[in-house]
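These notes are about the structure you will find just below.
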Amino acid sequence: MNNGAQPMKFQRVLLYGLAFILLWEWLRPLNEVTDTGNIEYFVAFIFLSMVLYYFNMNKFLSFSIKTIFILFSLYHLYSKDTFLHPAEEMIRELWDNIGLTIGREWSMLSDMYRSLLFFILLWLMTYLIHYWLSVRKSMLLFYIMTIIYISLLDTFTSFDAKGAIIRVIILGFLLLGMLALLRLKDQESLRGSRLGAGRWMIPLVIMIGVSSVLAFAGPKIDPVWPDPVPYLKAFADDNDGVGSGVSKLGYGTDDSRLGGPFRGDPKTVFDADVVREHYWRIESKDIYTGQGWERTGTEESEESATFASGEEVPLNLTEADPEREPDSEVLKVREPYSHVVYPYGVSSFQGNEEGTFSISEDTTKITTLRDQEKVKLEEYTVQYRNPVYSLKGLESVSEDSFSEETQPFLEKYTQLPEELPERVRELAESITADEENWYQKVRAIEGYFSEEGFVYEQTEVPVPEEGQDYVDQFLFETQMGYCDNYSTSMVVLVRALGIPARWVKGYTEGEYQRTVDTQYKTYKVTNNNAHSWVEVYFPGEGWVQFEPTVGFTGSTIVNYDYELPETDETAAVPAPEPETPEKDMTREDEEASGSNSSSFSLAGLWEDTVNIVKDHWGKILLVILAITIIGYGVFLVRRRWLPYILIPYYKFKKDEDTFPKAYLALLDQLKRYGLEMDEGQTLRAYSRYVDSFFGSREMTSLTDKYERTLYGQKLTEHDWNQLRELWENLIKRTTG
């Protein structure tokens, strides 16, 4: 019995000792960040309290000892007379300070009274720690609070927490591990078992020790945000960063000068119950100045059309099928504006029954009016027919699609400043040199940024110098920025080819919140979702959305409507001739070669390996650990990056098995995305389910062709080239 009691006593001493050190870490910074002195009295009180709790001292006796210690400390700190003489004075001061506390005169409280309150706070803290140790056997909350406390002090004060955070991490993990053993024994009734503290503590100490050594030996990078205080001060400034050069993210009307960093704003703009994910459009601008965007006319002189709630919106963005039943989505506005947001294919609005809606012919911005005054709606419903564009129609558009009557339209949406550097036009020509039609040229420019390694960046984004073109700086110098950089650059490159395009502002789809029912899902759209993108005009199809920004996918649906031939005549592929193997080595040659190499390498290789391990064992362990962690992390998020490997892999394969393999790879990716095929479900039923989820017909088209290949129909290289775009569009959706 005594043999078992000794480890338990040591374990209990260690628990209370570690808890004492953690609480001590709360007091260490006080000398530096406050005017508090004589911290040793408070540390001694913590130690005394933990000792009394460890021995389970009688409550009355424990209370008496703590009270005497507090009184003695206060006397020693604030009185120079004998102990009994100032008792009356201390009681009077205590009574006066209680009155000041009730009257909320905090600044008038005496130092002695403040110290008394701090002793009482520490008394409560030590009791809580005793309760967490002996009853709950869990210190996770206090451990997290300690880390947060030290981190905040290190961030916002002059206190250097390098040593403190290391001590807290190591000792805290040790404390949590020991408490986990105690909880396990209680839960599983293991007190009489052979699960001793040593069997638990030795691996725990080894694990913490090895991790600590690796952390110390590993390379350390400088903080990317060494001093957040200036940034946070700018964040609290309501002038949108004027004077600091940092803009605030969200919708704004002035786009005349783009560039520079911005700060995020998580404030919710609206919540939407939607049928499908899509972008929310606000307005477009058509004049590029070399520094930013402006509208053709002024707000006062613009031409506009009005319509009432429930009426058809006089906006012809797309050539949507008017016979198709529209979808309805409800928006609940949290940050009201006098304009509304809408998806592509908008047909009508429900809301503002007592007023009207007004749409600008220049910017296509829709505002809400009541008695000729702008009003802010708190809720409205938008009806729309989600556009599906014809690939055949898009690829048939060229310069010949425009007549002389449309020349003013072309001039308006191909406008570029005369000062635009010539190398921008040359870049547009080089990107699209191998493309045959307008749509392919636009797609080539859209994909140029991701293929050439452009980086999405929000903070380290410079403002163009005086006389420097905004797009030229981004394309040839910085090659990093956010949506404004990418979208503006794409519009300019497209316009340089004589293709009509414009710059559009709005919001991305937002963040998924919950599923309302089988049809609707709720998304939260914040100021962080403010975004800009590109629209290109194709006669017969309308304005088509393109998304050049790296990391964004857009919501455009293109229908592959080329007719595939029923039969394929493929050239007979000659059977490959067997290669003639080279003459094998003789057994004597192999043995001679093997013996020579062994005698040369084994001794030297072993010695070199031992020396390398001795000299660099820490780095080797660190590299192995880092590779393991990184590899596991990369594996966990493979859904997001694997399509970008599969796309180029299958892009250059031309054999007849390419499409079936690509289709099966698509099925695996859809499963990783969460669209798993049910047991017994047919491919056709599954493809309809996938298309209904994404709001497209791509999976159905691919499945139909895949089933034909299963029944013997072979694909030509031309067929795969036509199907590949559908396959790429669908597999890219699974990365979101």
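Quick reminder: no glycine exception, Cβ is built from N, Cα and C everywhere.
Automated prediction, rather than curation, is the source of TrEMBL annotations.
Here the structure is a predicted model, which means the values were calculated and not measured.
The domain 'Transglutaminase-like' annotation in TrEMBL covers 475-550.
Per TrEMBL, the feature region 'Disordered' maps to 291-311 (among others).
TrEMBL lists 568-599 (among others) with the feature region 'Disordered'.
Residues 39, 42-43, 46-47, 50-51, 53-54, 122, 125-126, 129, 133, 139, 142-143, 146, 149-150, 164, 167-168, 171-172, 174-175, 178-179 of the same chain lie 6 or more positions beyond the ends of the transmembrane segment (12-27) yet place their CB under 8 Å from a CB of it. Residues annotated as transmembrane segment in TrEMBL: 12-27 (among others).
Annotation comment: TrEMBL describes 39-55 (among others) as transmembrane segment.
Long-range neighbours of the transmembrane segment (60-78) within the same chain, counting only residues 6 or more positions beyond its ends whose Cβ lies under 8 Å from a Cβ of the stretch, are 38, 41, 44-45, 48-49, 52-53, 86, 90, 111-112, 115-116, 119, 123. Positions annotated as transmembrane segment by TrEMBL: 60-78 (among others).
Residues annotated as transmembrane segment in TrEMBL: 112-133 (among others).
Proximity of distant same-chain residues to the transmembrane segment (140-159), defined by a Cβ-Cβ separation under 8 Å and at least 6 residues beyond the stretch ends, is recorded for 22, 25-26, 29, 32-33, 128-129, 132, 165, 168-169, 172, 175-176, 228-229. The feature transmembrane segment is assigned by TrEMBL to 140-159 (among others).
Note on the transmembrane segment (165-184): residues 11, 14-15, 18-19, 21-22, 25, 133, 137-140, 143, 146-147, 150-151, 154, 190, 195, 197, 200-201, 204-205, 208, 212 of its chain, located 6 or more positions outside it, place their CB under 8 angstroms from a CB of the stretch. The transmembrane segment annotation in TrEMBL covers 165-184 (among others).
Taken from TrEMBL, the feature transmembrane segment covers 196-217 (among others).
TrEMBL lists 617-637 (among others) with the feature transmembrane segment.
Same-chain neighbours of the region 'Disordered' (291-311): 255-258, 285, 348-353, 356-363, 369, 412, 464, 469-470, 488, 503, counting only residues six or more beyond its ends whose CB sits under 8 Å from a CB of the stretch. For the region 'Disordered' (291-311), the number of residues in each DSSP class (helix H, G, I; strand E, B; coil) is 0 helix, 6 strand, 15 coil. Mean per-residue pLDDT, taken over the domain 'Transglutaminase-like' (475-550), amounts to 91. DSSP labels the residues of the domain 'Transglutaminase-like' (475-550) in these numbers: 21 helix, 34 strand, 21 coil.
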